[in-house]
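One structure is given here, and the rest of the page talks about it.
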Amino acid sequence: MFIAVLLGAYSHLETYFLRVEKYTIETEKLPKGTEIKIMNASDMHLGPVMREDRVEMVKRVYEREKPDILVATGDTVDGNMKNLDYLAQMLAELNPPLGKFAVLGNHEYYVGLNQSLDFLRKAGFRVLRGEAVEINNFLVIAGVDDSDGKRLGYRVFTDELEVLKNVDTKKYVILLKHKPRIKREAIKYVDLVLSGHTHGGVLFFVGYTILRLIFETDRGIKELAPGKYIIVSKGVGTGGPPMRLLSPPDVVIVTIKGKGN
């Protein structure tokens, strides 16, 4: 009984132990000496339970790391956002020089698409729904909706292949997709996939056993093909009870370094 109570208490505390997971990727697609820093604040699950403490976690990392781009790979919203516009305003204060981009996760559909889109836009994010945008001379960011929206009867834009096959692959192509899956035939069009959703399984053994069979990985970085990667965040918040065990929350920082001519 004592051990169960101790584990329960620790698993709640762990939800506050935010880690910053840093990765550096080199590419010939950016000129030598060019660096672009991207921050992924995935799975904040903002709503009646996860509130300003989660946004403050994100803001502290943002202010320290000073990313060029801020992305949110789904499940930013998780609940009735009535009277919570101040959370959107807190996020709107973050203004990276190359922009803010988000995609929809499953929870944005569960709690209502319109209020979710409204919140994300008030927070200053451009929501990518089956589209790709050129950021500068070297970078493309694409995003697709989460597939759960279709099951719930929404019109969704989920086909990454349809989006990616039209991008300029001479540029460095990043795909934002909530669940860490990608069609095999789409990999040749993309350089980096940023995802969330898994929470590292919430309990580490769930991630290492079950989720790695379902998704590309439950956390961290995996090479999909030579020079092509997926990076999965364990997320900032939690979608159920605020509990984690050996799967602490994280924010991902990816630095893309050029080594081209």
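Any Cβ shown, glycine's included, is placed from N, Cα and C.
According to Swiss-Prot, the divalent metal cation 1 binding site annotation covers ASP43, HIS45, ASP75, HIS199, on the basis of similarity to another entry. Taken from Swiss-Prot, the feature divalent metal cation 2 binding site covers ASP75, ASN106, HIS197.
Taking the binding-site residues HIS45, HIS197, HIS199 in turn and counting surrounding C-beta atoms within 10 angstroms, the largest count is reached at HIS199. A coil conformation is recorded for ASP43 (divalent metal cation 1 binding site) in the three-state DSSP classification, outside any helix or strand. Other residues of the chain with a Cβ within 8 Å of the Cβ centroid of ASP75, ASN106, HIS197, the divalent metal cation 2 site, are ASP43, GLY74, GLY105, HIS107, ASP146, ASP148, HIS178, LYS179, GLY196, GLY239. Between the CA atoms of ASP75 (divalent metal cation 1 binding site) and ASN106 (divalent metal cation 2 binding site) there is a gap of 7 Å, rounded to the nearest whole number.
For ASP43 (divalent metal cation 1 binding site), the count of additional Cβ atoms within 10 Å of its Cβ stands at 31 [all protein chains shown]. Listed in sequence order, the residues SER42, MET44, GLY74, ASP78, GLY105, HIS107, GLY196, HIS197, GLY235, VAL236, GLY237, THR238, GLY239 complete the 8 Å Cβ shell around the divalent metal cation 1 site centroid, once ASP43, HIS45, ASP75, HIS199 themselves are left out. Annotation for ASN106 (divalent metal cation 2 binding site): same-chain Cβ neighbours under 8 Å, separated by at least 6 residues, are GLY74, ASP75, ASP146, ASP148, GLY149, HIS178, LYS179, HIS197. There are 30 other Cβ atoms within 10 Å of the Cβ belonging to ASP75 (divalent metal cation 1 binding site).
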